[in-house]
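Copied over from TrEMBL, here are the features:
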- 1-44: domain 'Fibronectin type-III' (DOMAIN)
- 46-139: domain 'Fibronectin type-III' (DOMAIN)
- 121-152: region 'Disordered' (REGION)
- 143-241: domain 'Fibronectin type-III' (DOMAIN)
- 279-298: transmembrane segment (TRANSMEM)
Amino acid sequence: VAETTRLSVSSLRPETAYKVRVQAVNGVGSGPLSSPALRTSTRALPPAAPSLECLGATHSSLRLRWGDQAEKSLRDFVQYTLEMEVKPGLFAVLYQGPSHSYKASRLQENHPYRFRIQATSDAGEGPHSEPATFSTTRALPPAPKAPRVTPQGDTSCLLEWQAVRLLTDDPVSYLVQLQQSGSSEFSVVYRDYDTRCSLSNLSPHTFHCARVAAVRHCPQSPEPLCGPYGPATSFQLFAEPASGNGGSSQVGASASATSGWSLRGSRSGLLPSLGDQQWAGILVGGFTLLAVLAAVLLQEVVARNQ
């Protein structure tokens, strides 16, 4: 009972329907109740903050998820505000929208981050969730390029590869795996910090595949971080043919290969042993000369006819 035409009623249940009637009272008595009764309902409470969880972490990103989209009612339109702590006690907005997931990127490796979330609907803004902490992982070293193979005989060779670069000063070692033709598995043949290694006791006339992986050694991590293997290099070693004249034949062959000359018989004397590029140059020059001669002859014929 009040002497005003406006009244605020509190302590009602949220999302509940009510009927309201008004009656006037004076010194004479009480009048009839208003009819029909006013039907009204209270709004729902602001949505509670969902729980945050991390679906996946890399060295530079965190994928977060919250709530359950399957439980969302069609009549509800809820927006979420995801915030990340940038300074102690200071949060910055990362995402605002209806989605139930977000990927926070451009983060530091092996670093903890604190997040909180808030839900908003037509009923208003709900409270923030308790901050949740998730950490990024350490970065794996990149894959080295394919190694370079230098034969050192018919059963040994030298493997060399470029060193990988890290953003930190952590030491890096390397793993070398070798696969022989006919085998489906790679076996580790080298494990050290140098960017070259020698392989011996290989089978000649057999294809081999060699690949390299980098291993990062972090002082704060008990386990080394092995990166992916790079592309493999396929190679085959050939056995040198046996020579009947011993050392003199080997010296002669080496000299012949170095000088680029060979014997063609006693009548022809010493003739140069031309390579493919030299023969190609001779052919191009010959065709050019023939074209010039043909042009000159054609010009003479035209001049005589005139």
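Using the three backbone atoms N, Cα and C, a Cβ is placed for every residue, glycine included.
TrEMBL does not curate its annotations; it predicts them automatically.
Counting residues per DSSP class in helix, strand and coil order gives 0 helix, 46 strand, 53 coil for the domain 'Fibronectin type-III' (143-241). Taken through DSSP, the domain 'Fibronectin type-III' (1-44) splits into 0 helix, 15 strand, 29 coil. The domain 'Fibronectin type-III' (46-139): residue composition by secondary structure is 3 helix, 48 strand, 43 coil, according to DSSP.
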